[in-house]
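Summarising the annotation, Swiss-Prot assigns active site, nucleophile to C73 and lists sequence analysis as the type of evidence. Feature annotation from Swiss-Prot assigns active site to H169, E171; the stated evidence is sequence analysis. Look at Swiss-Prot and you will find 2-190 tagged as domain 'Glutamine amidotransferase type-1', backed by sequence analysis.
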Amino acid sequence: MIVGVVDYTVGNIGSVLTALKRAGAVPVVVKGVEEAGRVDAVVLPGVGTYEAAYALARQFKEVVLEKPTLAICLGMQLLFESSEEGGGQGLGVFKGRVERIKARKVPNIGWRYTHVVKNSEIIAEGYYYYLHSYGVRWGENEAYTAYIKLEEKYVAAVERGHIIGVQFHPERSGRTGLELIKRFLAVAKR
């Protein structure tokens, strides 16, 4: 399976490419919509600033709506309606607003337990690696699949159809993260 990793040109996507390869995919870097049209699935990685990433990601909205998509950290945040960071608009795939997190330490860095609240073929409960200063507050929403508890609850994963977003970094989450990527690939092949 060929998986296109969107390159926002503002961060390192090497660990995502390596994790996809370890999970059995053939990862390729995509910088344009035309290139993305030739892949089987898409990854919106979690690197860069919201403003810079959104400028490129909005070109990929139709691709995200059509192809299996895994959005990681910043990639997941781009799927929401808006963000406090950079005062930016989001892609509006999911309802919600990205805000600066309330936690004892910001950014939230490290392994945190992720609580799953609805059945998912892809998201499993357990410890994942987080690195973020912004997030979406937990609330009632059928797409919200998992949460992380800091000073408040924040969305850890969203899911609707073929679109999956995770606030954590599966590519840095050891075996647990690799298994999540494998499950994403298995579902994407259907």
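Heads up, the Cβ atoms here are built off N, Cα and C, so glycines get one too.
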*Which three-state DSSP class does the residue listed as 'active site, nucleophile' fall into?*
coil
*Provide, as an integer number of angstrom, the distance between the C-alpha atoms of E171 (active site) and C73 (active site, nucleophile).*
11
*Residues with Cβ closer than 8 Å to the Cβ of H169 (active site), same chain and 6+ apart in sequence?*
S15, G46, I72, C73, Y128, Y129, Y130, L131, G177
_Surrounding CB atoms that lie within 10 Å of the CB of the residue listed as 'active site, nucleophile', all protein chains_ = 25
*How does the model score the domain 'Glutamine amidotransferase type-1' (2-190) in terms of mean pLDDT?*
94
